[in-house]
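So the structure is just underneath, and the comments pick up after that.
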Amino acid sequence: MTRFIFITGGVVSSLGKGLASAALGASLQARGFTVRLRKLDPYINVDPGTMSPYQHGECYVTEDGAETDLDLGHYERFTGVSSRRSDNVTTGRIYSNVIARERRGDYLGGTVQVIPHITDAIKEFVMSDATEDFVLVEIGGTVGDIESLPFLEAIRQMGNDLGDGRALFMHLTLVPYISSAGELKTKPTQHSVKELQSVGIQPDILLCRCDREIPINERRKIARFCNVREAAVIPAYDVDNIYQVPISYHQYGLDNEVLYHFGLQAQEPDLQPWEDICNTIRNPEGEVTIGIVGKYIQLPDAYKSLTEALTHGGIANKVRVKLEWIASDELEKEGNVNEILSKLDAIMVPGGFGERGTEGKIAAARYARENKVPYFGICFGMQMAVLEAARNLAGLKDASSSEFGPTKTPLVGLMTEWAKDGGSVERRSDDDDLGGTMRLGNYECKLVDGTRAREIYGSETVLERHRHRYEVNVNFMGQLEEKGLKFSGLSPDGRLPEIVEYPDHPWFIGVQFHPELRSRPLDPHPLFVSYIKAAKERSRLV
Ligand code: GLN
């Protein structure tokens with residue numbers, strides 16, 4: 001019997017609802033339960049695939065190839081449960097499905113309305129293939145938004161359909177401190193709960209974000225005015241690192257309160273793995289500086305999984321990872337390359353799209369290769385390393401990617417542009433619109449014997465997640481290998497290069513996939529562990 005926990009947010013956005021949901025999932029797991037997390041996003045975009053990382057942060061890709069909200073990354077990192085396509089839906093997707101059904105005549109000429117058709121489609125989504133003990137459903141946005149009303153109505157109905165024994169409503173709010181008055185204010189929380197009640201939802205648990213202790217009297221007041229049990233007003237204080245959150249929630253009784261609501265008994269949670277991580281983070285043996293050369297550096301959320309994966313690599317090596325954000329076009333200015341890059345212990349060129357700043361990324365790859373600085377190129381970062389090798393080692397001066405326009409020397413291009421006889425393009429979707437032309441999700445990669453990649457993974461094949469349109473052109477493999485760039489991973493049919501490396505370099509690896517999406521604090525990705533180890537070694541050298 002699956003129980004559903006619905007998580008809404010109030011007062012302001014950016015309170016960390018995704019993290020709160022993920023951490024509650026981890027606490028329930030630590031008590032021996034199975035969990036799955038889902039996210040309902042109120043915006044009209046059909047999926048986040050085409051949304052700008054500037055506005056929306058990273059687009060997280062699931063194993064089964066769905067482009068989803070970055071909160072799903074938090075869920076996976078905290079619970080270790082791989083998300084699926086069926087774990088994230090937007091208003092746009094719900095409407096587009098309902099409209100498609102209407103066009104097919106599925107509603108037999110009836111009037112199609114928000115209630116019941118849209119709300120039923122939402123309910124169907126929430127309930128679909130739920131086999132775990134708990135499904136935690138996060139509702140994006142803030143209570144009071146016009147857009148989230150159909151979602152709130154759907155979960156309100158589910159509260160009735162399922163009953164208290166199977167549904168719980170948790171509301172995350174803010175208790176601000178007003179310095180001029182020297183007081184904590186509970187009114188925003190009261191108003192937010194009123195807003196929820198006005199759509200028929202009575203929260204069972206309030207999780208109150210606050211930057212200082214909420215005294216018992218204020219908690220009592222919140223309980224009384226919001227019609228919840230006193231023990232169900234749980235403070236959520238700021239913590240020094242996110243992996244402290246499940247520990248802190250337990251300390252303030254959140255998981256207990258959930259079990260109380262459902263009338264469940266369970267073992268005390270085993271939070272030791274989280275304690276160990278926090279201890280390592282607080283007592284590192286040293287520090288490494290990683291330079292991230294990218295385009296979206298004003299908004300670190302655009303690289304959320306990447307920065308998390310680097311932290312995981314740091315934890316495994318007992319070092320703090322300090323990030324230096326470098327705008328790639330800065331490296332296009334005379335003299336900057338040496339000055340900026342010489343201070344780093346390692347260079348990272350992450351995923352990216354479009355031509356702007358690419359010369360800077362290529363310059364970073366060249367600097368790393370020539371100066372033996374550890375280099376990790378992810379997706380676009382691998383493509384840039386390949387262009388660098390083609391231009392500066394193989395003498396293909398005009399080597400380019402067809403992503404930047406027609407080129408005579410397409411080192412990187414759409415497979416259709418360079419595949420010979422019978423070459424078919426791998427893809428998951430038959431749509432021809434922008435949302436459907438990428439290689440998305442898990443694909444197998446065969447590792448070449450005797451390479452560093454093979455050694456790091458310790459297996460012959462790996463499954464890694466992809467999100468890209470262009471591929472490194474395998475027809476140039478021989479020419480590049482002759483000059484020292486080894487192709488150490490390929491698709492099983494040998495047509496798509498997946499990993500490249502320089503065997504005579506301390507650590508230089510480019511991967512066509514996104515290993516950061518699979519890294520977890522309790523199970524760090526081997527490439528990140530190895531990369532940070534190389535950075536640590538270099539930090540002792542220079
Ligand atoms: N723009 C490149 C492509 O589409 C790389 C994409 C990425 O880095 N995720 O192939």
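Using the three backbone atoms N, Cα and C, a Cβ is placed for every residue, glycine included.
Feature list (source: TrEMBL):
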type     : residues                                                                              : note
DOMAIN   : 3-263                                                                                 : domain 'CTP synthase N-terminal'
BINDING  : Ser13, Lys185, Thr186, Lys187, Pro188, Thr189, Gln190, Lys221                         : UTP binding site
BINDING  : Ser13, Asp145, Ile146, Glu147, Lys185, Thr186, Lys187, Pro188, Thr189, Gln190, Lys221 : CTP binding site
BINDING  : Ser14, Leu15, Gly16, Lys17, Gly18, Leu19, Asp71, Val239                               : ATP binding site
BINDING  : Tyr54, Gly352, Phe380, Gly381, Met382, Gln383, Glu403, Arg469                         : L-glutamine binding site
BINDING  : Asp71, Glu138                                                                         : Mg(2+) binding site
ACT_SITE : Cys379                                                                                : active site, nucleophile
ACT_SITE : His514                                                                                : active site
ACT_SITE : Glu516                                                                                : active site
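Comparing Met382 (L-glutamine binding site) with Pro188 (UTP binding site), their Cα atoms are 48 Å apart once rounded. The average pLDDT the prediction assigns to the domain 'CTP synthase N-terminal' (3-263) is 94. Comparing Lys185 (UTP binding site) with Leu19 (ATP binding site), their Cα atoms are 24 Å apart once rounded. Taking the Cβ of Glu516 (active site) as reference, residues of its chain lying under 8 Å away and at least six apart in sequence are, in sequence order, Ser305, Leu306, Glu308, Ala309, Ile378, His525, Phe528. Taking the Cα atom of each, Gly352 (L-glutamine binding site) and Thr189 (UTP binding site) are about 40 angstrom apart. A 10 Å cutoff on Cβ-Cβ distances gives Gln190 (UTP binding site) a total of 16 other Cβ atoms nearby, all chains included. Of all Cβ atoms in the protein chains displayed, 8 besides its own lie within 10 Å of the Cβ of Ile146 (CTP binding site). Sequence-distant neighbours of Gly16 (ATP binding site) (same chain, six or more apart, CB under 8 Å from its CB) are Leu172, Arg209, listed in sequence order. Listed recorded positions: Glu138, Lys185, Thr186, Cys379, Met382. Those with a CB atom under 6 Å from ligand 1: Cys379.
In this structure, Lys17 (ATP binding site) is part of a helix by DSSP. Looking only at the binding-site residues Leu19, Asp71, Lys187, the one with its C-alpha closest to the residue listed as 'active site, nucleophile' is Asp71.
In the shown protein chains, 17 other C-beta atoms lie within 10 A of the C-beta of Arg469 (L-glutamine binding site). Once Cβ contacts within 10 Å are tallied over all protein chains shown, the binding-site residues Ser13, Ser14, Thr186, Thr189, Gln383 are led by Gln383. Counting other CB atoms no more than 10 Å from each candidate's CB, the binding-site residues Tyr54, Phe380 peak at Phe380.
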